[in-house]
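Peer 1: Okay, handing you the structure first.
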Amino acid sequence: MASALKESVPRDKWWKLKWFSDQDTPEERRLITKIDMLLVPYSVLGYWVKYIDQSNLNNAYVAGLKEDLGFYGNELVQLQTLFTLGSVIGQIPFLFIMTYIPIQYLVPITDIFWGIFTLLQYRVHSYGELAAYRFLVGFFEAAFFPAMHYVFGSWYRGHEIARRGGIFYTGLAAGTLTAGLIQAGASTSLDGVRGMEGWRWMYIICALITIPVGILGFFVIPGTVDQPNKMCVTTKDLQVARDRLEKHGHVLHGKMKFGHIKRTLLGFRFWLVVATDVLFWNAGIHKNTGSYLLWIKSLGRYSAAKVNELGTISPALGIAYTLVACFASDMFLGPAWAITVCSVLNAVGLVFLTIWTVPEGGLWFGFATMYWSNALSSVFHGWVNTLLKDSPEERSFTLVLINLLSQSSTAWTPLLTFPTVDSPRYSKGFAFCLGCAILLVVFTWIMHYYLRRDRLHDATTANEETGSFQGVNPLSPGQRWDEKQTNHYKKKGSSPGNGNVSGQDDRVVQV
């Protein structure tokens, strides 16, 4: 029955921004604050350096790498594809080892390795060298995103994830922004120092940021409740965490077995989530292909440093977009509406980019909205975390596999829709992203209503088996009963079906 229901956590009015639930005890609040201080800042730092090292290729490309290495064809999109391919292949072993190797060891070790291969890019002199290093950076970055979401789902209840995940996800835009600023500074101040171009210095600087962040992870990643990091989590912390999570239907133990794979893959729910995630990834590939930087460079009126500085405008806005989307989802919109709003705003900008023959201000606007495509990520993955809270092994497998399948689609779609020789116009690419953004809205609501029906059916079955009514409201999923309904039963001195108003089992369908 726990799998069908979740705790009733009323949504506050949108202007009442509460970090804790009214139901949290003082001990629970102390624990949440401690995990917040350990996990959230580190997740931002880790994602920040991940996207510094992922996006710095685009910054180097417009700052002289293209000319220095003689790239005049589709080398840029091919290198981006090799990074994605490395990331996809790297996720395959993590499907199985994430529930075996403690996250506080897995993530830092892979962080350090991707920092080393980021550093080695400063010495490249050929396409083959750079291709090998980009593949290896992608391979070792592969574990970070699903692993951190797995940790979030291990400590937080469903309604607590999106806002923390939103702060975590600001690291993406911040990393892209920082890579631009590092390259701008390197082009201005370090170009020619010790006989090296500015873009080579950028890779050295990026590695000097990445490796210490990886080392820090050994000390501050709290692990999971099942495999905790005893350097920063006490026995009392674990007991409080277990009590609050088990009370609300979370299962804390489970190892990935091959039988779990069969069960997951045969479920319609899994493939519906995959289809939605594929559309999410592809609705935003225009921001990863360097289209914005290549367009600014094509204007022909800015230096390499200025191109990279202007390229930070869009990711800077993306930080605000992400926070707005995730807090709105937690506080009053819910996941389906938050994803819809983000997708529509992304689609509006893509209309300008698809038409292209608009005033220059229209193109600036179109590129300024592209990070709405990323703002919904933590909302979506928090939703998945909550849906699978009753199965740690299925949750780890699903989080990695949906990421793997979705990201693997972006290994080949940019080759077809964003060939470098089509820059900066990318007529096929922007139209493709627009179509994906529209379909994402459609699939989000299909998923919303399917999961609502599925959970309601499970809850009804559980109630029939126990002969009790658990406060499930099919008309208002994810929320308490209407206050009038509750007051009606309070006046009678009872609650529907169980003869009391204690609220101890007042839970609702999560969709």
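Numbering starts at 1 and runs along the chain as displayed.
Glycine is treated like the rest: Cβ placed from N, Cα and C.
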Peer 1: When TrEMBL marks a stretch as transmembrane segment, which of 286-307, 396-417 is it?
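Peer 2: Result: 396-417 is the stretch TrEMBL calls transmembrane segment.
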Peer 1: By a Cβ-Cβ criterion of under 8 Å, what residues six or more beyond either terminus of the transmembrane segment (167-186) are in contact with it?
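Peer 2: Distant contacts of the transmembrane segment (167-186): 40, 43-56, 58-60, 63, 148, 152, 198-199, 201-202, 205-206, 293, 304-306, 308-309, 311-312, 315-319, 321-323, 326, 371, 374-375, 377-378.
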Peer 1: Before we move on, state whether the transmembrane segment (429-451) and the transmembrane segment (265-285) share at least 3 Cβ pairs under 8 Å, counting only pairs 6 or more apart in sequence.
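Peer 2: Between the transmembrane segment (265-285) and the transmembrane segment (429-451), which are separate recorded stretches, there is contact, as judged by 3 or more close Cβ pairs.
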Peer 1: Give the nonlocal contacts of the transmembrane segment (265-285) in its own chain as ranges (CB under 8 Å, at least six residues past its ends).
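Peer 2: Sequence-remote neighbours of the transmembrane segment (265-285) are 343, 346, 370, 373-374, 376-377, 380, 384, 387, 398, 401-403, 405-407, 409-410, 413-414, 417-418, 429, 432-433, 436-437, 439-440, 443-444, 446-447, 450-451, 454.
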